[in-house]
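Encoded as structure tokens, the structure appears first; notes follow it.
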Amino acid sequence: MTSYSYRQSSATSSFGGLGGGSVRFGPGVAFRAPSIHGGSGGRGVSVSSARFVSSSSSGAYGGGYGGVLTASDGLLAGNEKLTMQNLNDRLASYLDKVRALEAANGELEVKIRDWYQKQGPGPSRDYSHYYTTIQDLRDKILGATIENSRIVLQIDNARLAADDFRTKFETEQALRMSVEADINGLRRVLDELTLARTDLEMQIEGLKEELAYLKKNHEEEISTLRGQVGGQVSVEVDSAPGTDLAKILSDMRSQYEVMAEQNRKDAEAWFTSRTEELNREVAGHTEQLQMSRSEVTDLRRTLQGLEIELQSQLSMKAALEDTLAETEARFGAQLAHIQALISGIEAQLGDVRADSERQNQEYQRLMDIKSRLEQEIATYRSLLEGQEDHYNNLSASKVL
């Protein structure tokens, strides 16, 4: 607290109390200087003066320079009286303002103290036991991310393998269709050969029937010729021996039989060789077809296994993505809650700073008021000292 004081010498007039003090002028009456108190933000200002003895007239300033100044012998006249009255009024209003500001300042200090007691930082919480859980969750998230990347890589590899197997399957399927087309062509050739064989068998049967018919005709002709030859022999006994027709027919018969047998053997040999060749080709293509079918079956089984594995990997990936999204959402909600708490604390801190700034401005304003009051008090003091000198001069002149 800063205090200002000044002393007054003896005078012959009297003034009433200023603020909480009182001034009386008269024979043997003491004058106590006014007391001014003001404060802002826990600081105070006081102005006090010493007492002096006076006599003669009496007057009063009550309620903080709120009284009326009285003088005798025309000591205070004209502008000086008005100036003193104006200073009285202004000082009274300033004191009222100071009291009101002190009351408001006290209320603000009480409110700030209550707010700090209610909103002050509580005991610091120990979050160290959450760090292990957070680190474990981070490790799990990192592991899940790595596992997800590995699964994605495996899925890509499986997709590439599936594409490769699909290409092989399409190639084998095209080869199978080509082999089936060749088999169908060979079957048509086999059908044609079967028809040719049947035709040849029918031709052989026809040749056999024709041979039998020729044999029968030959025998009939031989019988007829024998009958004719026998009749001629009986008629012409003395004639020379004729041509042996039986031998000629027998030779012709043997030649036809040899030719027929040769044709039959040639046809059977050609048919047999052709049939064996076709059977070998059919067996080779059948074996190749069986191999292709078994390979296609294996490829289809492998493709189904890869598709099942792909579906399982996709399901695992979806589950991991859901887990990751849930974890991110949970941590996002916690982070948003913490951010909201931080924002609320920052807002409260901003309010406190604004209140502090406002109180600082109020304090500066009160200091300005205090400076002006000090200047006016100095002016008031100079006026009082001038009046004391005037009273002293008048007293001295009366004594003389």
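Glycine residues also receive a Cβ, built from the backbone N, Cα and C atoms like all the rest.
Taken verbatim from Swiss-Prot:
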DOMAIN    80-391  domain 'IF rod'
MOD_RES   Arg7  omega-N-methylarginine
MOD_RES   Ser22  phosphoserine
MOD_RES   Arg24  omega-N-methylarginine
MOD_RES   Arg24  asymmetric dimethylarginine
MOD_RES   Ser35  phosphoserine
MOD_RES   Arg51  omega-N-methylarginine
MOD_RES   Ser57  phosphoserine
MOD_RES   Ser72  phosphoserine
MOD_RES   Thr323  phosphothreonine
MOD_RES   Tyr391  phosphotyrosine
MOD_RES   Ser395  phosphoserine
MOD_RES   Ser397  phosphoserine
REGION    1-79  region 'Head'
REGION    80-115  region 'Coil 1A'
REGION    116-133  region 'Linker 1'
REGION    226-248  region 'Linker 12'
REGION    249-387  region 'Coil 2'
REGION    388-400  region 'Rod-like helical tail'
SITE      Ala267  site 'Stutter'
SITE      Thr327  site 'Stutter'
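On the 0 to 100 pLDDT scale, the region 'Coil 1A' (80-115) averages 83 in the predicted structure.
According to its DSSP assignment, Ser397 (phosphoserine) is helical. In this structure, the C-alpha atom of the residue listed as 'phosphothreonine' lies 82 angstrom from that of Ala267 (site 'Stutter'). In the three-state DSSP scheme, Tyr391 (phosphotyrosine) falls into the helix class. When the Cα atoms are compared, Ala267 (site 'Stutter') and Ser397 (phosphoserine) turn out to be 187 Å apart. Cα-Cα distance from Tyr391 (phosphotyrosine) to Ser397 (phosphoserine): 10 Å (rounded to the nearest whole number).
Here the Cα atom of Ser395 (phosphoserine) is found 99 Å from that of Thr327 (site 'Stutter'). Look at the recorded positions Thr323, Thr327, Ser395, Ser397 and count other Cβ atoms within 10 Å of each Cβ; Ser397 has the fewest.
Cα spacing between Ser397 (phosphoserine) and Thr327 (site 'Stutter'): 103 Å, rounded to the nearest whole number. Counting residue by residue with DSSP, the region 'Coil 1A' (80-115) contains 36 helix, 0 strand, 0 coil.
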